[in-house]
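S.K.: Annotations per TrEMBL:
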REGION    1-34  region 'Disordered'
COMPBIAS  1-10  compositional bias 'Basic residues'
TRANSMEM  41-66  transmembrane segment
TRANSMEM  156-174  transmembrane segment
TRANSMEM  217-235  transmembrane segment
TRANSMEM  242-260  transmembrane segment
TRANSMEM  296-324  transmembrane segment
TRANSMEM  344-362  transmembrane segment
TRANSMEM  406-427  transmembrane segment
Amino acid sequence: MTTIRQRRAGKGTEAAEDQPSEETNVKPDGKIPPDPPGGKLWNILSITVGGIVGISLGLLTSVYVATLHENDLWFSNIKEVEREISFRTECGLYYSYYKQMIQAASIQQGLHGLVYDNKTESVRTINILERMNVYQEVFLSILYRILPIQQYLEPVYFYIYTLFGLQAVYVIALYVTSWLLSGTWLSGLLAACWYITNRVDTTRVEFTIPLRENWALPFFAVQIAAITYLLRTHLQPAQERLTLMAVFIATFLFSLTWQFNQFMMLIQALALFILDCLDMLPTAKVTWLYIIQISGLLLVCVLQFFNSMILGSLLISFNVSVLVARTIQKNLKKGGLLNRLGKLILHVLLVLCLTLLINKFIKRTISLKAKFGFGATRDFDANLYLCEEAFGLLPLNTFSRLSSTLLFYIYGFVLFLLTVAAVIVAFRNLSGSNQVQLKEKMEEYTVTLKPDAAYSLVHTILFGCLALSTMRMKYLWTSHMCVFASFGLCSTEVWKLTLKCLHLYTSQRTQVIKYSVPVITLLYVSFKFWPGIMDELSELREFYDPDTVELMNWIKSNTPNTAVFAGSMQLLAGVKLCTGRTLTNHPHYEDKNLRERTKQIYQIYAKRSPGDVHGILRSFGTDYVILEDSICYERRHSRGCRLRDLLDVANGHIMDGLGENEPDLKPSLYPRFCEEIKKNLPSYTMHFTRVFQNKTFHVYKLAKHK
């Protein structure tokens, strides 16, 4: 087991940019009057200062997480095998392809090895570029090979510094989004400050560096910033085209770097659909965003050799359905309230039906159902995910941590206020009031829900629901929570609406509150958390996992390069990275055949006969099997969620220990394999010979019976 132990002795004040109200600063002919010379100069100065602050915050965040990573592991001082072991589970698997490309004789040979890979899954040749999102590793390895930096920078540092550099992009994108929404860069400063002080809940890059989300989320943040700018009114045609290009590039890069891209963008498409139906976004821009999502995903599909999962995604079916339904229902946004509601209900039903029909047609066309096992999910596969904390509900202590920085309280206040405003605006839009009435009634509410603010509201609600249901996805929500809360706290429209509701509104009072409350919040957060951040940066630890290091060194020294290893998914990713040996299974669990293979390999922790286990392992070409005491005698999970319990239930056997069992479960005829093999009984030694052992791992060589 890996532990982190204490390290031994070694070897500003804002220049505000209150952008003019887009509603009140427009002439009747639709033209925006030019700013006075002094105002223009002030805007340039404010944008310059704000830009410098944003870039500085991004770079500081990058240095901050890089320092935490170094301090936690003493990364610069440990051996290469220890550095590689620190890339746990799927992180190690992804990094292994970067290492493989670096070590290849040529770029062409490295690419050929990925397209025709026979070491990731034994007795199978798979296309890594099709199955996994590793183009970032390919690009980075090629960049490392062609740049003259080999003498100055090790490959591993080039890799991790790139990821830490992307954190700078991430924070800058959040900063810009908040600035665009509120009109002042003070909001961006507060968003970045909250992102850093809530680091435990906003990112995990410092200890899961190669994880796909750490590549993808910065591009997702850039995309949201570009969409926020796109939804502003009075953009020039050239500005709009450039912004659409930025949205497309960010969408493409986000889709290319994360296997969950289609699900995240489906939620985004739902947000656009809801707002478009309620007439809160310009239809033409929403249409472009649908097209960008489809084209970006299809381009990724081509690069991933026409990956069937992408072609059969609900996102493509949904977006196409929306565009088709809109063509069929041309008068959707005309009529009175009841008429509009009837059309809206019909429109939603039509989109849902078309989505299901198109999706079913695509899946049948490409035989997706047979390949990926859609339909009834096997209990073992589902429970293997559901029993992991990362895929469970969001823990309640998350909210207490977010509240300690005032983030959650302010977020809740802004969310409630804008939700009420959204309901009022949506009702008015659907009611079809005439323009004169609108002019009289909109002044109090509509300024708080310009299109960009409306999108941000629905975005945060939908991704909040996702985070509440799946803890692993909270990082999509909490980062945007920082943006949304800071925008609300620094928004003229939000404070204007609040004060009008309290009958306390004056223009001067709004301006004072708009700046004083965020500054006070910044001072509070800084004084409260700065000492803790300094203590965290000064705490020095050291990577310590001697058992795994010993195992990897033994494998490299005592087994042939062609040897095939079986074991847990998490450990085998490290075996591939550290030793280059062939695996039977691995943590990239999205393939049906791999799930079935993993279930069979995991019979080493079930109650099966030695002959059965040997036959299963040899069917996958296994030469060595690694047993882990931490799995065989697992105590981390409760009864029913331990791996051995999941296997027992899947095999129809009664689980170990006190507690209830399903009535149809029966006692096994055999003891648990991982326990019984250690007794060296003849029925086991005829199939397995122990060749390595330490406190954590036991390695057995399989007999090759005819």
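Backbone N, Cα and C define each Cβ position, glycine as well.
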S.K.: Under 8 angstroms, Cβ to Cβ: which one of 217-235, 242-260, 296-324, 406-427 has the largest number of such pairs with the transmembrane segment (156-174)?
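M.R.: Answer is 217-235, with the largest number of Cβ pairs below 8 Å.
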S.K.: Counting only residues 6 or more past its boundaries, what in the same chain has a CB within less than 8 Å of a CB in the transmembrane segment (406-427)?
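M.R.: Distal contacts: 194, 198, 278-280, 337, 399, 445-446, 448-449, 453-454, 457-458, 460-461, 481-482, 484-485, 487-489, 494, 497-498, 521, 524-525.
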S.K.: Could you give the residue numbers and ranges of same-chain residues that sit at least 6 residues beyond the transmembrane segment (217-235) on either side and whose C-beta is under 8 angstroms from one of its C-beta atoms?
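M.R.: Contacts with the transmembrane segment (217-235): 22, 26, 32, 166-167, 169-170, 173-174, 176-177, 180-181, 203, 243-244, 246-247, 250-251, 253-254, 257, 264, 281-282, 285, 289, 450-452, 455-456, 459, 475-476, 479-480.
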S.K.: Please give the sequence-distant neighbours of the transmembrane segment (242-260): residues at least 6 beyond its ends with Cβ less than 8 Å from one of its Cβ atoms.
M.R.: 132-133, 135-136, 212-213, 215-216, 219-220, 222-223, 226-227, 229-230, 235, 288-289, 292-293, 295-297, 299-300, 303, 590
